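According to TrEMBL, the protein has these features:
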| type | residues | note |
| --- | --- | --- |
| DOMAIN | A:23-422 | domain 'Oligosaccharyl transferase STT3 N-terminal' |
| DOMAIN | A:565-615 | domain 'STT3/PglB/AglB core' |
| TRANSMEM | A:21-44 | transmembrane segment |
| TRANSMEM | A:88-108 | transmembrane segment |
| TRANSMEM | A:120-140 | transmembrane segment |
| TRANSMEM | A:146-163 | transmembrane segment |
| TRANSMEM | A:175-191 | transmembrane segment |
| TRANSMEM | A:241-261 | transmembrane segment |
| TRANSMEM | A:273-291 | transmembrane segment |
| TRANSMEM | A:303-325 | transmembrane segment |
| TRANSMEM | A:365-384 | transmembrane segment |
| TRANSMEM | A:391-409 | transmembrane segment |
| TRANSMEM | A:502-523 | transmembrane segment |
Amino acid sequence: MPTAFPLPSDLSPATVSNTASLLRIVALALISGAAIASRLFAVINFESIIHEFDPWFNYRATRVLAAKGFYEFWNWFDPTAWYPLGRVVGGTVYPGLMATSGVIYNLLHALNLPVDIRNICVMLAPGFSALTAWATYMFTKEMKDESAGLLAAAFIGIVPGYISRSVAGSYDNEAIAIFLLMFTFYCWIKALKLGSALFGTLAAVFYFYMVAAWGGYVFITNMIPLHGLVLILMGRFTSRLYVAYSSWYVIGTLSSMQVPFVGFQPVSTSEHMAALGVFGLLQLVAFTQLVRSHVSSKQFQDLLLIAVVTTGLLGAAAFVGLTYAQKIAPWTGRFYSLWDTGYAKKHIPIIASVSEHQPTAWPSFFMDLQFLIFLFPAGVVLCFHQLRDEHIFVIIYAVMASYFAGVMVRLMLTLTPVVCVASAVAFSSLLDTYLDAAEPEEEVAEASGTAGTPAVASKKSKKAAPQAEAGNAFTDIVAAAASAKKGDSPKVKAIYGLDTRLAIIVNALGMLAFFVFHCTWATSNAYSSPSVVLASTNQDGSQHIIDDFREAYYWLRQNTPETAVVMSWWDYGYQIAGMADRPTLVDNNTWNNTHIATVGKAMSSSEEVAYPILRKHDVDYVLVIFGGLLGYSGDDINKFLWMVRIAQGVWPEEIQEPNYFTPQGEYRVDDKASRAMRESLMYKMSYYRFAELFGGGPATDRVRNQQVPKVGPTLDYLDEAYTTENWIVRIYEVRKEDLLGRDLKSANAFAKGKKRKRSKPLSRRRALL
Amino acid sequence: MPPKAAPAVVEPTSAVQTLWNAYKDHTTDRLKFIDAFLVFLMLSGIVQFAYCVLVTTFPYNAFLSGFSSTVGQFVLTASLRSQVNPENKNEFKDVSPERAFADFTIGSIVLHFFVFNFLG
C-alpha cells in the first residue's frame, strides 16, 4: 500500500497503544497546567484578592463556614444584610461552592497545611478548570475518540468564554458549576450508552452537587428530558434509555429537594415539569414495549397505542389544569425573559438592570470563542453525519445553548463547552483525514468509480476503526458536496501527496497558534481585572493601581461604629458587608424589590423627601460611586436611571423617569440638567464640591464629557464624611435631627448666616473625622 | 400502571387472557419474582398517593420521600428487570446480570440515603 510519508513498520500494536495512553496522560496533565496557569494573570498582575461583587458574599459565607462549622453556617441568620429585615443565609444560598471550599480547607488543615481560606477561595476556580478540562475530555471521547477529547480539553482549558468566569479570585458558583455540568452530561451519555444504572446514579449524584452549587442546574433539568423526548420521538426508545433516565430522574429529583433553597420546587414549578412528564412518558412506553413483546396481535397493539396517547394527553391536560389551579407555579419572570427579550425591561427592571443579562453583542462571540465559532457548525454537521444517540445530545445542546447565549451575555458560559466539543470533533476529523498516510491506489480508485467510499475505508483499515469512520465522515461530506455541485457520479475523494497535506495541516496549526495568542491576550487584558482594584497605565508604561474601593471600605471599617448602617446602591452591598463589615440596606441578593426601590427612591428624590426615608431606616452613612474625576464609567450616575426606573415601578406617582431628562430628551449633568436631576440626592452627592477641585476653571465630568456648573450643589441633610483619593467612592454622613427641633435646612441656613458674620472659617473637607 | 382499561373496551376477556397466558408461558421465574416485587411497590405507592390526596399532605417532605422511595425502587427494579431479561441481551452488551445487580444495589443505597435524609 503506498503511503505519503514513511511509517515505522516494526512496532507492535501493544507498544503503540501504550505509548498513546502515556502521551494522553501527559497531554492531559499539560492541559490542566495550562488551564490553571492562564487563570493566574489576576493574581500576578494584582494580588490574591476576591473579585467583583457576588464572590465577596461567597467568600464571607465561606469564612463563616470555615470558622464556625457547617451547622452554624446552615442556620446562619445574617442580621446585617437587608437592614432591618435580615437574611436567612442558610436557606437562600446555593451552598455547594462554600461547602467545597470548606471541605478542601478542612482537608488541608487535617494534613497540617495551614492554608488561608482566602487563598483556597481564590484558587478554587483555576483548580476546577483543570477538572473541567478532564470532564470535557471524557465527554468528547464518547462523541468521537481520544484525540478529539484531547483537543476539546485543550480548547475548554484556555477558551476566554470560560476563563471570563473562572479566573483566580472569581469565586462564584460558575467556578465549579461548569465542571459539574460537563461531568453530569458525561455520566448521562455513559449511562445511556451502556444502559447502566450505576452511571445513571452517578449522573444523579453530580446533578445533586450541581443543584447545590448553581441556579443554572435548571439547564440540566431540561436538557436531559429534552434529549430523552427527542429520542422517543425519533423512535429510538431502548431499554437503555429507560434505565439511564429513570435512575437519573428519581434519585436526582429526590436529592435536589435536599437543598433548602430549592425545596419543593422540583415537584411544584413549571421549570421542572418537563422532566417529570418525560419520566411518565418513559414508563408508559416501556410498559407498552413489555406488553408488545408478549402479545403480537395487531388490534391489541393499536389499542395500546391509543391508550398511551390518551394517557399522555390527559397528563398534559392535568398539568395545565394544575397550573391554573395554582398547584404548580407558572414560569417565573426570569424564564419569560429568556424567550421575550423585552419582557424583563417592561416588567422586572431589576433583572434588566444587570449588565450580564443584556443580549450578547456579535463581536463578543468572536472575543470569547475566536476560531471555535467557525468550527462549531462544522462539528454539529459532523454529529448529524453519524447521529448516534449521544450526537443527538450534542446537537440539541448546541441549538439550545446558542439561542440562550444570544439572549443573555452570561449564558455564553453554557454555550462554551458545547462549542469546544463540537469544534474539537470537527478539528480532529480534519486532522484525521489529512494526517492519514494512506494514499489511494490510482488505478483501483479510477476503476471503482461509484464504490469509491468503501474503497477508501478499506485502505484506512490500518487505523483504529472509529477513527477511520470519523475520518470518512469528513471525506464523505466533502465528496457529497463536490458531487452535488458537479452533478455526475461521485469520484474517489482522497488526499494525494505530501504538499496537499502540508498545506492544510500548516494552516490548521496556524489557527491553533493564533487561538492560543488570542486566548492569552483576552485573558490578560479583558478578563483578569478584579474590579475591586483598578489599574491604569502611567505615561512611562508602568502600572498604576487605583485602590479607592478598599480605601473607602477600610475607612468605614475603622472609623465608624460596628452598627453604623451604610446605604448604597445594591451593587456594592456585598462588598460593603465583606470588606467594611457594616450593615447594608440592600445587596446583590436582589430578593426584595421594594427595599431596593426604597433605596432608589431615596437616591432619586430631593433631600427633603429622602431624609425621612434615611432616618426611618437608621441610615448613618450613604456611599456613592463617582467616576467623573477619573473617567470610571461604571459609576452611580450612569446607573442612576435604573434606580429611577426601579423606584418608579413602586412609586409611579412620585418618581417619573422623564423628569430626569432635559426637555430635548437628553441625559445631562451640566447646566442644562433637569430640575429633578439637579435636586436628586444622587446628583448632589456625586457633584458636591466637585467644581472646587478645578480652582475656578471649567469642571469637566470625564465620564459624560460635560461641564458641570461652577456653583455646585449644597447639602443640608448630609455631611461629607470621606472621599477617596480619586474621588471614586464618596461617603456622606446623615445628620441627626436638629437639637432645637428646627428642620435641618433652616438650621443650616442659620448657622451659615452666623458664620458669615464672623470670619468665615475655611471649610475642611474631612472635618468629620 | 394499570393499562387494562383500554383493552377492556373490545374483547375484554380474550385480549387480557392472551396477554396473561403469554406472560405466564414466556417469563422466567426470576423475572416473575421481580415482577411480584414491582406489583407490591406499585400498590404501596398507590396507597401513599391515595392517602396524600384523600387525607392530608401535611408532612409534605415525608410524603415525598416515602412516595419517591417506592417510585424510585420501582424504576430501579424495573431497570434491573430489563437488564437481566434475556430478550434484551444484545441491548445491554456491557451489563452482565451480576453487574446489573450491583448497579441496582448501589442505586438503591443512594436512593434510600436521600430518602432517610428527607424524611425529616
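The backbone N, Cα and C atoms fix where each Cβ goes, and this holds for glycine too.
Secondary structure by DSSP for the domain 'STT3/PglB/AglB core' (A:565-615): 32 helix, 5 strand, 14 coil. With Cβ pairs under 8 Å as the measure, the transmembrane segment (A:365-384) is packed most heavily against A:146-163, out of A:21-44, A:146-163, A:175-191, A:241-261. Non-local neighbours of the transmembrane segment (A:391-409) in the same chain are 143, 185, 188-189, 223, 226-227, 230-231, 234, 337-338, 341, 355-360, 364-365, 376, 379-380, 383-384, 415, 418-419, 421-422, 425; each lies 6+ residues outside the stretch with a CB under 8 Å from one of its CB atoms. Two recorded stretches are said to be in contact when at least 3 C-beta pairs lie under 8 angstroms, sequence spacing 6 or more; the transmembrane segment (A:88-108) and the transmembrane segment (A:21-44) fall short of this definition. Per-residue pLDDT, averaged over the domain 'STT3/PglB/AglB core' (A:565-615), rounds to 88.
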